[in-house]
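TrEMBL lists 93-119 with the feature region 'Disordered'. The compositional bias 'Acidic residues' annotation in TrEMBL covers 97-106. The compositional bias 'Basic and acidic residues' annotation in TrEMBL covers 107-119. If you look up TrEMBL, you'll see Ser366, Ser554 marked as Mg(2+) binding site. Here TrEMBL flags Asn661, Lys662, Ile663, Asp664 as GTP binding site.
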Amino acid sequence: MEEEEEEEEIEYSFALEYTGPPLLFNDDDDLPKVLPIDINRIPTASIVSLTLSNELILPVIHPIRAKHCNNNKEDTTDSRPIHGRRVSFVASVDAGSTDEDEDDSSIENHDVENAEHGNEVQEKAKRGLCYLCCRGNWLVEKEGCIVCNAKYCKSCVLRAMGSMPEGRKCRSCIGLPIDESKRGSLGRCSRMLKRMLSKLEIRQIMEVEKSCGVNQLHPQSIYVNGKQLCQKELVLLQNCPNPPTKLKPGRFWYDKLSGFWGKEGLHPCKIISPHLNVGGHIMRNASNGNANVIINNREITKRERRLLRPAIKLICAALSLPTPPKIEIPTSEEVNKLVSGFFPEYVKQQKRRKLLLVGYKGSGTSTIYKQAKLLYKAEPFSDEELQNFNVTIQKNSYQYLSMLLELREHLEHEDLTEMANRQSLDQPDDNGHGLSIFSISPKLKAFSEWLLKIVVSGNLEAIFPAANSDYAPLVKELWKDSAIQATFSRARDLQLLQGAAEYFLQRGMVRVSFFLTYVLININGTGLQIIDISRSDYKPSETDILKTEGITSSNGLACTDFSFSPSAVSDADTAGDQHDPLLRYQLIRIHGGNLQENCKLLDMFEDVQLVIFCVALSDYDQFCHEGTGNATNKMLACRKLFESVVTHPTFKKMNFHLILNKIDLLEEKIEHVPLNKCSWFDDFVPLKTRHRPQNGENHNNYTSLAEQAFQYIAYKFKRLFASLTDRKLYVSVSKGLERETVDVALRYSREVLKWEEERSNHCITEISNFSTEASSSPSNRETKSL
Ligand SMILES: Nc1nc2c(ncn2[C@@H]2O[C@H](COP(=O)(O)OP(=O)(O)OP(=O)(O)O)[C@@H](O)[C@H]2O)c(=O)[nH]1
Ligand SMILES: [Mg+2]
C-alpha cells in the first residue's frame with residue numbers, strides 16, 4: 001500500500017460529452033462503466049471533446065482514475081446522473097511500470113507523453129512491438145485492432161480490448177469505423193485469441209464484430225456514377241446475384257445495361273448484375289475512355305475496344321452490320337481474360353456454334369461423334385457411360401454369336417442337302433454319319449437353338465448378368481467346336497461378318513475363355529462355386545468404344561460440347577489461325593435411320609451453323625432393304641437421304657460439309673470390286689496409271705485407284721449439291737477409326753464456319769474467294785480435303 005502511495009501520478013484531464021443513458025458514478029475508485037478512452041490516445045496536456053454513444057460503455061475502466069470535474073474542481077463524490085452533459089475526467093497513471101502480468105495496473109506503463117498515436121501505432125507495428133508492453137518479438141503472437149491496427153500480445157490484448165463489444169478494437173477505438181483494409185478479416189480471429197477465450201466467447205465476439213452497425217460499410221462512403229449511395233442502394237448492391245467483390249469506400253462507375261463495373265477513371269474490373277437501381281447516370285468519361293467508341297453512354301478505353309472486338313464482330317454478324325476490315329487478333333492472355341469473366345454471359349452463349357452430324361445408317365456418324373469426344377474432351381466418357389459400353393459390348397457379342405449360329409445352321413442345311421442329293425445319285429456318304437463339317441453335338445445344338453430364340457425375341461436382358469458365368473462353359477465349348485470355327489472362316493470369306501461383328505466376336509470369345517479360366521481357378525483353389533464375372537474389372541479400350549454399336553439413346557440423338565484443343569498437326573499449317581478457347585462448339589449427332597422415317601426431326605435444328613453429312617465410301621456395292629422390301633444399293637439410299645436433308649426447308653441457307661468416310665475400306669475394296677457396281681457411278685472411268693511407285697520412287701504423278709474413286713464420288717456429290725442449291729459443298733475424307741483423320745475433318749468444319757462467318761461479316765458475296773483453287777481457302781489447308 002505504501003508503495004502505491006509513492007507512485008508518481010501523472011494527471012491530465014479531458015472532457016467528454018455523454019449522450020448515452022443516465023449513468024451514476026459515485027465512487028472515486030470504482031468509476032462508472034463509461035470510459036473508453038485509452039490514455040495513450042490523448043495528446044498530452046490537451047483536452048479533447050468527444051461525442052460518445054452507448055457502445056462506448058465498457059465494464060472495466062480500471063486503472064484509470066477519472067474524476068468528475070467541474071471546471072477542474074475535483075468532485076469525486078458527485079453522484080448525480082449524467083446525461084448529455086459535458087464531463088471532465090482526470091486520469092492518473094502509474095508511470096514506469098513494465099509489468100506484463102494480468103494486473104490492470106500495467107496499463108499505466110504507457111508512455112502518455114507520446115503524442116501521435118497513429119504514428120506510434122505504425123512505428124510499433126513496424127518493429128513488431130506490442131502496443132502496450134513493448135514486447136518486440138515477431139515470434140510473439142499478437143492480435144490487432146481492426147480500427148487503428150495497434151498490435152497486442154497475449155498479456156495485453158484483453159486489457160487493451162476489454163470485453164470487445166464491437167469485436168477486436170482497442171477500447172479507445174470503440175465506436176470508430178474500421179480500417180477498410182481490414183474488412184476482409186472481420187469475423188476471423190487469431191489463434192492466440194482462440195487459445196485464450198472459450199469457444200462461446202470467441203463466437204460472440206466474432207459475430208458482433210461482423211454485425212454491429214459501426215463496423216458496417218457506410219453508404220455515404222460509396223459514390224456510384226457520381227452519386228452518394230443511400231442505405232437501400234448499398235443493400236441492393238451488396239445483395240445482388242453478382243455483387244462487386246470487396247467493396248470499399250470510393251467512387252465507382254456502373255453501366256446499368258451491361259453490368260460493367262469499375263473504379264472512376266479506370267477500365268471495367270468486373271461485370272456485376274445489370275439493371276440495379278443504384279447511383280446516378282453514367283457519364284461519358286466515367287472510365288476515362290479514349291477509344292472513340294461509346295457503349296451505353298460511356299466512352300470505352302482502348303484496351304476494352306481491343307478485347308471487345310470479337311464480340312463486336314459477332315454482334316455485327318448477328319445484326320448484319322459491316323465490321324471494321326482490320327481485325328486484330330487478341331493475344332491468348334487477353335482471350336483468357338475474356339473467358340474468365342470479361343464477357344457478359346450472353347456473348348459467351350452466342351459463341352457456341354452448332355454442328356449437326358447426319359448420315360446414312362452405318363456411315364460412321366457415331367464413330368466420328370465418339371472420336372470428337374475422345375479428341376477434344378478431357379474426360380470423354382463418364383463412369384456410367386463406360387459401364388454402359390461394357391454391357392453393350394457383352395450384349396452385342398451374344399448378338400454376333402447368334403449371327404454365326406444362324407449361318408452355321410444355314411451352311412449345315414446346305415451341306416446336308418448337297419450330301420443327300422449326292423446320295424440319291426448313288427454316291428454313298430464316305431463318313432457314313434450323315435453329318436457335315438458344320439454339324440455340332442446335340443448339347444451344343446440345344447444351347448444354340450435356345451440362344452437364337454432369345455436373340456430373336458430381343459430379350460437378351462433375360463440372360464444378363466448371369467450370361468457370362470452360367471453360359472461361359474457352353475460358349476467356350478461352342479467356340480472351340482470345329483463346326484463353329486469352320487463357319488467363322490466361311491463367314492469371313494463371304495464378308496458376312498465385318499467390322500464390329502468380327503472384331504467383337506473374336507475378342508468376345510477370348511474374354512469368355514478368360515473369364516472361364518478365372519472361374520475354374522477359383523473353384524479349384526478356394527472351393528467357391530459362383531463368381532459374378534459381370535463384376536470383373538474389364539474396362540473397354542478406346543478401340544472397343546469406337547467399335548461398339550448402339551450406344552446412343554433410343555431416339556439416336558446425342559450432343560456434346562467442346563472446344564478445339566490446339567493441335568500440333570493441323571494448327572501449325574494454318575498460320576495465323578490462333579486457337580480461340582472462347583469458341584465453343586456443339587456437335588449434335590442424329591441417327592440416320594430416324595431421318596429416313598421422319599425428316600420432320602430436322603425442324604428442330606434451325607439454329608445449327610453447319611450440317612456435316614457423312615457418307616460411307618465402301619457402300620457402293622452394298623445393299624439394304626428399304627421400306628418396300630426391295631434391295632436398294634446403299635449409296636443410292638444415301639444419295640436419297642442427302643437430297644432430302646439438303647432440300648429440307650430448315651437448311652435452306654445452311655452450309656454443308658460432306659465427310660467421305662471409310663476411305664480405308666474403299667482402298668481395299670476398289671481393287672477387286674469396280675465402282676460402277678453402283679449405277680450412279682456408271683460413268684467412272686479410272687485413268688490408266690502406270691505401275692504403283694515403289695519405295696523411293698516419285699509419287700507425284702501417281703493417283704491410286706481409291707483416290708480417283710473418292711475424288712469422283714466427291715465430284716458427284718458436289719454436282720448434285722449444286723443442282724439443288726446455289727451454294728458450294730465442302731468435302732473432306734476420313735477414316736472413322738483413325739483419330740487424326742477425324743481431327744482434320746472436324747477442324748475443316750471449323751474452318752468452313754470461320755470462313756462463312758467472315759464472309760458474312762464483310763458482306764462479300766464473291767464465291768470465288770471460297771473456291772477450292774484459292775490458295776488460302778480451307779479446302780487447300782487440309783491434305784485430304786477436296
Ligand atoms: N473400316 C472402317 N470402319 C469404320 C469407319 N468408320 C466407322 N466404321 C465402322 O463402321 C460401323 C458403323 O459405324 P457407326 O459409326 O456405328 O455408323 P453410324 O453412322 O452410327 O450408323 P448407325 O449406327 O447405323 O446409325 C462401325 O462398326 C464402325 O466401327 C472407317 O472409317 N473405317
Ligand atoms: Mg452407330
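Placed from the backbone N, Cα and C atoms, the Cβ positions cover glycine too.
Note that the structure is a prediction, hence the values are computed from the model and not measured.
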Alpha-carbon distance [Ser366 (Mg(2+) binding site); Ile663 (GTP binding site)] in Å: 16
Shell list (GTP; ref centroid = CB of Asn661, Lys662, Ile663, Asp664; cutoff 8 A): Gly364, Ala616, Leu617, Ser618, Leu660, Leu665, Leu666, Glu667, Val733, Ser734, Lys735, Gly736
Binding-site residues close to ligand 2 - of Asn661, Lys662, Ile663, Asp664, only those whose C-beta is under 6 Å away: none
Spatial neighbours of Asn661 (GTP binding site) that are distant in sequence (at least 6 apart) but have CB under 8 A: Gly359, Ser363, Gly364, Thr367, Ile368, Cys614, Val615, Ala616, Leu617, Val733, Ser734, Lys735, Gly736
Inter-residue Cα distance where the pair is Lys662 (GTP binding site) and Ser366 (Mg(2+) binding site), in Å: 13
Proximal but sequence-remote residues of the same chain as Asp664 (GTP binding site) (Cβ under 8 Å, at least 6 apart): Lys735, Leu737, Glu738
Lys662 (GTP binding site): tally of other CB atoms within 10 A of its CB: 26
Lowest local Cβ density (other Cβ within 10 Å) among binding-site residues: Ser366, Ile663: Ile663
